[in-house]
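What follows is a single structure, written as structure tokens, with notes after it.
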Amino acid sequence: MPKREDIKRILVIGSGPITIGQAAEFDYSGTQALKALKSAGYEVIIVNSNSATIMTDPEFSDAVYIEPLTVEFLEKIIEKERPDALLPTLGGQTALNLAVELAERGILDKYGVQLIGAKLESIKKAEDRELFKETMEKAGLEVLRSRLVNNLADALETAREFGYPVIIRPSFTLGGTGGGIAFNEEELRDIVTKGLIESPVHTVLIEESVLGWKEYELEVVRDGAGNFIVVCSIENLDPMGIHTGDSITVAPAQTLTDVEYQRMRDAAYKVIDAIGIETGGSNIQFALDPETGRMVVIEMNPRVSRSSALASKATGYPIAKVAALLAVGFTLDEIPNYITGKTMAAFEPSIDYVVVKIPRFQLEKFPGADPRLNTQMKSVGEVMAIGRTFKEALGKALRSLELDAAPKLDLEHIREHLANPTPERISYVFAAFRNGMDVEEVHELTKIDRWFLREMKACIELEEELKLKKFDVEILKKAKQWGYSDREIAEIWGVSEKEIRKMREDNRIFPVYKMVDTCAAEFEAQTPYYYSTYNGVENEAVPSDREKIMILGSGPNRIGQGIEFDYTNVHGVWSFQEEGYETIMVNSNPETVSTDYDTSDRLYFEPLTVEDVLEIVRNEKPKGVVVAFGGQTPLKIAKYLVEEKVNIIGTSFESIEIAEDREKFAKLLKQIGLKCPPFGTASSVEEALRVAENLGYPVLVRPSYVLGGRAMAIVDTPQELEMYVKEAAVVSPGYPVLIDKFLEDAIELDVDVVSDGKYVWIAGLMEQIEEAGVHSGDSACVLPPVSLSEKLVEEIEETVYKLVKALKIVGVANIQLAVKDEEIYIIEANPRASRTVPFVSKAIGIPVARIAAKIMVGRNLPELLSEYFPYPTRPGVKVDKLDESEILPTPWPKMFSVKEVVIPFHKFPGTDVLLGPEMRSTGEVMGIGEDFAEAFAKAQIAAGNPLPTTGAILATVADKDKREAVPLLAHLADMGFEIYATRGTAKALQSHGVEVKVVPKVGEGRPDVIDLLEQGKISLVVITQSSDEPALVAVSHGKEPFKVEGRRTVGYMIRTTALKRKIPYLTTVESLRAAVAAIRKMKKGSIVKVRRLTDTWKM
């Protein structure tokens, strides 16, 4: 069937901020789909609240809206743009939920918008647990016994009837949010209560447990003519009971018999037929009882998903692109296979290799959270590796995670960790075999299939053989074929990694590169997409004779290093291509645009380790390697690449080293007459206490060479310092701990700057909204700044110019400054792209990373900027010619942009929500407005924390904050809010003439502050941290992964209750001040104003 001619304009809803369960895979899917729809001749409108996405770049659509993803904002966009159709299957759960709401409220009918890609009825059948169960039973498919309940009493009765354990699944939530496994009544009460709050429709499904069964997924595609293909089968190494996003998964499935696979395939067709999926991709999950062979359907997603991104990368079959074309009427036999260029999309992919995905966790960022894995997803990212065998792929995937070795435990602890899965589970399986446990015993505790366990046990037996045959060439070859890295072999043999590399080179033991081609080499692939293997002879990655640049990606998403760096990488690739270079991308993350088959000229899906990168360099011989775009991961290996004579493009390694080494950096600042906060370094607890005593408390403690403020803290007492130093020493062994004097009440600024060696251009000058001391990645920020004088801005420009010239920056860098008493202090300089580059690019309308990349290959900065000149500058600054001075004019947009963060606290009940110098956010949103108040209010809505305009406020403010907080609370009272406060805060408010109701703290009488929150009487909580209230910290003592120190105070109880009840909360005076301005703006009139992104640049 040809494409539909009755629709011309299509609205696509993005997935919003990166959260656990909904990450970069939707930017990858969305970008792919937008390209496909545009190439088919449609006009496309995209709306997303996340600026750090390629899909919101103007070149991919006809109109881009960076606006909150709510029905109110979407209706305004529909009214303005008048699309003919809405495609909701590319933006994850967020887009599906919004499509349902727009349809049910009659908005789609009102403006004549059709749903394409999935019918409303189909979405409901797939998403509504009860309807899904009924539909499956009608189709003759077995599902688990289950019952939908909307109250605790029914849940308890159902669980008694089914027998414990039971699984609780809240309706319409993402990544299993609010769900879990209850082994007894007490756990059931807790999970159901939370689940009913988390579910937007306040229902949960109570389901019989199939803990320990095997879990499989099929990625399927169907077209309007009824053609149906299975793109990929995926097997979860972890059994049922662990969310598939937290499971290690393997493709294709390894332990299914052909008969079982055919049964599953037939069932998958019946599922999508019964649900009514006429076009597009779906993911269907099955559970299989290994003892009886009983197979049940667990669930299906009628959209592209995390698994479909994985299946696309694993097979080379672009599911999102195909799904988008099917949605507009094409059939599978009309869509080419883009990898081979010869076959059609109706051919099922076949693969002659094994793919392993492993999730990346960061539970140490959330002290107090339960580390056990269950049906609620907790991982923040994932890696994928490809090998000719399961062993090889597993070895490569494990080293892609960039994790340290697991703590050594005794057998008792190992058994406990096997029975109660935690993120380190795979390490404990290996540890069990090292300690002499057999396959049967490990299987009983973990329910991992015996085939996988035998493979893993064989690896441990190989380690024993390696110990016995030191420097044996044949055993070295075998270890490489089984996925062992040079570093692992070096550790077993007690030598350096370099020595193993030399031994390999002397004996000509090198990997070959094979192609991912969707057809097991039956047809020649047109798109060079490679993986390495030691199990092969022919090298398929034959290098061209073009001049090449190799870009190192950022590896798995994690806190502090997310999608923002992938955005920069992709822009870098495009720039180098425009300058005539062949681009080589190296990355291990299946969720990203950078690992799409058609982003770079050549893609290597490989771990980002020294060994793997050097092997690609040996094969490709690039002109140079770019380490400045992938966050900290490439920077960590830059030193070793330079030692091997690899050319680093852009800022030199010497400059990188100066910026990363505090002593060298402080010396440089002194030479050029710039200030930094007084500091010292310490290699022991005694030394640290001495340094802090000299500086005076409070001090900021941090390890060297980390990203995202790992193990960073503000410390007020010697006791706290001792505790933190022990933690920091674990994080960065061999590197001293850095201790800075903490600048209280300073304004923090973030500067993204570009230089070609001569000219210096501040692309973005951002003011942090949170107080100094909150990690810049966790603070909201505003561009342009709102509280800097003209004189101060000029001084900042001079300061940045001096520093950039001294560091010899070529390309992009990020500098953090603090301003206290009109003095400028340099906090740190990062000689690489920062996480704010996409935000700045969207705020000013100039692609910062593209310009930086071109500079790295010799282009001139004023010449590159002239394309965008004249751009708005500060009021009163008139610029006729760009290169009048070596300091190029700083952009000063007329519209205000606020970047707000999203932190997954609700996934980790028990964690304190206080912000500090350790970063914990997973994603971000952007709010754009005519003034700061409008931009801030929109950013709060986009982040899922809309500020109230009426109701009651609970205030409990620390003594140190009362002077500034009381007038702000008085403003809220004047606006009609009812104020409740604890005794001390109430007294301060009453002395300012504010009417207030006093509420007892916990233990001072009932109803107390917690009762008030639980009763739903409060619409906003204002609570700042008192200095005698220590934060909970994760401390690693080497024995256990981590434990929590600190005490759970009343403040902690209030904050966690507000989080649980979904009541907006403010924990600093700065955020209160911004909120007061935003609420005042909202009271004056609607802020539901929508503007095309490109229009905001012209104002």
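Glycine residues also receive a Cβ, built from the backbone N, Cα and C atoms like all the rest.
The record from Swiss-Prot ties ARG702, LYS741, LEU743, GLU748, GLY773, VAL774, HIS775, SER776, GLN816 to ATP 2, and of the options GLU687, GLU790, GLU828 it ties GLU828 to that site too.
With DSSP states grouped into helix (H, G, I), strand (E, B) and coil, the region 'Oligomerization domain' (403-541) comes out at 73 helix, 10 strand, 56 coil. Per-residue pLDDT, averaged along the domain 'ATP-grasp 2' (666-857), amounts to 89 for this model. Distances between the Cα of ASN830 (Mg(2+) 4 binding site) and those of the binding-site residues GLN285, ASN301, LEU743, HIS775, GLN816 are shortest for GLN816. If you count neighbouring Cβ atoms within 10 Å for each of the binding-site residues GLN816, ASN830, the highest count belongs to ASN830. The two recorded residues, ILE242 (ATP 1 binding site) and GLU299 (Mn(2+) 1 binding site), show a Cα separation of 14 Å. Between the CA atoms of ASN301 (Mn(2+) 2 binding site) and GLU828 (Mg(2+) 3 binding site) there is a gap of 45 Å. Under DSSP, LEU743 (ATP 2 binding site) is assigned to coil, being neither helix nor strand in the three-state scheme.
When Cα-Cα distances from HIS775 (ATP 2 binding site) are compared across the binding-site residues GLU208, GLU215, GLN285, GLU299, GLU828, the shortest belongs to GLU828. Neighbour counts were taken as the number of other C-beta atoms within 10 angstroms of each residue's C-beta; across the binding-site residues ILE242, LEU743, the minimum falls on LEU743. In the three-state DSSP scheme, ARG129 (ATP 1 binding site) falls into the helix class. Neighbours of ARG129 (ATP 1 binding site) among the binding-site residues GLU299, ARG702, LEU743, GLY773, defined as a Cα within 10 Å of its Cα, are GLU299. Taken over all pairs of the listed ATP 2-binding residues (ARG702, LYS741, LEU743, GLU748, GLY773, VAL774, HIS775, SER776, GLN816, GLU828), the Cα spread reaches a maximum of 18 Å, rounded to the nearest whole number.
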